[in-house]
Every structure is written in structure tokens, then in C-alpha cells.
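TrEMBL annotations:
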ACT_SITE  HIS93  active site, electrophile
ACT_SITE  GLU164  active site, proton acceptor
BINDING   ASN10, TRP11, LYS12, GLY170, SER209, GLY230, GLY231  substrate binding site
Amino acid sequence: MAGLPYIVGNWKMNGTRAMLNEARAIDRAAARFPKVQVAVAPPATLIYRTRDAADIIGVGGQDCHAQESGAFTGDISAVMLKDAGADFTIVGHSERRTIHGETDADVKAKAEAALAAGLGVILCVGETEAQRDAGQAEAVVGAQLEGSCPQTDGAPEKLSVAYEPVWAIGTGRVPSVEDVAAMHKSIRDKLVAIYGEGGAEVRILYGGSVKADNAAELLSVAEVGGALVGGASLTAESFLSIVGAAASLAAD
Ligand code: PEP
């Protein structure tokens, strides 16, 4: 898998203009970690201002609509995200899949629209606790990938996949390193099955309760190319401790 470790903060529905101070602090510190690719996905209201406040880090959306424009009240298109200064967008986060009822087909259309607009894509997949307990985790995630990976000629260079077990998001619980390794291998195999050899280059992130004290262990697992971080990305201090852990590993 090519590329620098990618550490992305998902601020979810958190942050008003005061949060730009965190973005500035993250951006300033990112200069000290050239071996790590750092990004944040603030709420859409802050994308433009975050881009303006930060020079080095990536700035992204948390979702996009599949259409370019039209009568979709409250939605934001990938073209609009790009216009606001976004470099990438998250699609298919479990909170979108669950709370907003997004299907794999919806997620696929969003990912394709984002790529067409020139954005990078972080496509989220992950099983529920019941699915894991039933021994279905790899099958569920494999089916999500089959249904939601963008259809392109070869593997999109700007695609990353984030494995986020739903039961680990915001709970303080994380899978064992063995389970993370097994799932990431299974995702890799599926990406190669979908895209051919280019599937070996798609970055696979882990997400779900990544914190300063578990980041190094999780980031050391084979096929883990970075982390999608929710709660611990809301202050520069906690987020940068994860970026620092990635930098130490990248320096080895
Ligand atoms: C997320 O929701 O993408 C996430 C990883 O959240 P947390 O780190 O808070 O578990």
C-alpha cells in the first residue's frame, strides 16, 4: 500500500467559528510531521473558513449529495464542497447509513459524484455488534464494499476505505489487533477482487475510538494505512497526539 499514513479528524456536527483555533493549531503542528498526511472534516459551515485558516492540512466534507444541483433542500453537492475549498469528502459513515437510511447504492452514487468533482473519497464500511457476534462481520463489510465502491476504470487514486466497526464508534471499545488485521486483509482482498491490482494501492483506514493511548498499536497493524478519528479529533491536543503516534511509526 502506497502513501503516507493518513490521519483524518471527523468533527461531525461539532464546531462553530471558535473551533478554527483548533484547526490552526493542527495545521501549524502538521508542519512538524511531514511523514503524515493530516486532514479534518469540519461541519460544512466551516469548510471555507477552515481552508482559509489552514495551509497544510486537508479539509473535507462529511457527506455529499450525488446530484450536482437541484431541489434537494438542505443537501450539499460534491461540486459545492469542492467550490468551498474541500479536498475530499467522507461518504457512507455509519451515522449516515443508520440515521439517514443511506443504502450502498446511495453511497456508491455519492462516491462517484465526489470523484467526478475532483474530490478524494473516504468510503466508510463496518459491521454492527450483532453482525460481529453472529460471525458475519467480514461478509457484511464485503457486501458493503461490493455495493458502495465507486465504479471506475481501475482503482481510483483518490479513494480510501475506512473500516469503522459500528460498535466501536464513540464507545471507547476497539476490536483486538487480530480482528483489525483479519478485517483489513479481507477488505484488501475484496478491493483487489473489485479493482484488480490497483485495489492493492487503495488506502484502508481504521476508525472507531482511536485515542492517543491505542493509536500506535492500531496503526501498526498490517494494512492499516491511517485512522479516521471522531471524538479525539475535537481538540488539537488529543488529535495531534494521534498524529504524533503515526509520525513515530512512519519514522521507524
Ligand atoms: C467516527 O465516527 O468516524 C469515529 C471514528 O468516531 P470515534 O473516534 O469518536 O469513535
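Glycine too: its Cβ is placed from the backbone N, Cα and C atoms.
Curation does not apply to TrEMBL; its annotations are automatic.
Structural mapping of features recorded in TrEMBL.
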| residue | record | DSSP (3 states) |
| --- | --- | --- |
| ASN10 | substrate binding site | strand |
| HIS93 | active site, electrophile | coil |
| GLU164 | active site, proton acceptor | coil |
| GLY170 | substrate binding site | coil |
| SER209 | substrate binding site | coil |
| GLY230 | substrate binding site | coil |
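As a whole number, the greatest separation of Cα atoms within the substrate-binding residue list ASN10, TRP11, LYS12, GLY170, SER209, GLY230, GLY231 is 14 Å. Taking the Cα atom of each, GLY230 (substrate binding site) and GLU164 (active site, proton acceptor) are about 11 angstrom apart.
Considering only the recorded positions LYS12, HIS93, the Cβ with the fewest other Cβ atoms within 10 Å is that of LYS12. In this structure, the binding-site residues GLY170, GLY230, GLY231 were compared by how many other Cβ atoms lie within 10 Å of their Cβ, and the smallest count belongs to GLY170. Report note: the substrate site is defined by ASN10, TRP11, LYS12, GLY170, SER209, GLY230, GLY231, and the residues of the same chain whose CB lies within 8 Å of the CB centroid of those residues, excluding them, are ILE169, VAL229, ALA232, SER233, LEU234. You'll find the Cα of the residue listed as 'active site, electrophile' roughly 10 Å from the Cα of LYS12 (substrate binding site). With a cut-off of 8 Å between CB atoms and residues at least 6 apart in sequence, the same chain places VAL40, ALA41, GLN62, ILE90, HIS93, GLY207, LEU228, VAL229, GLY230, SER233 near ASN10 (substrate binding site), listed in sequence order.
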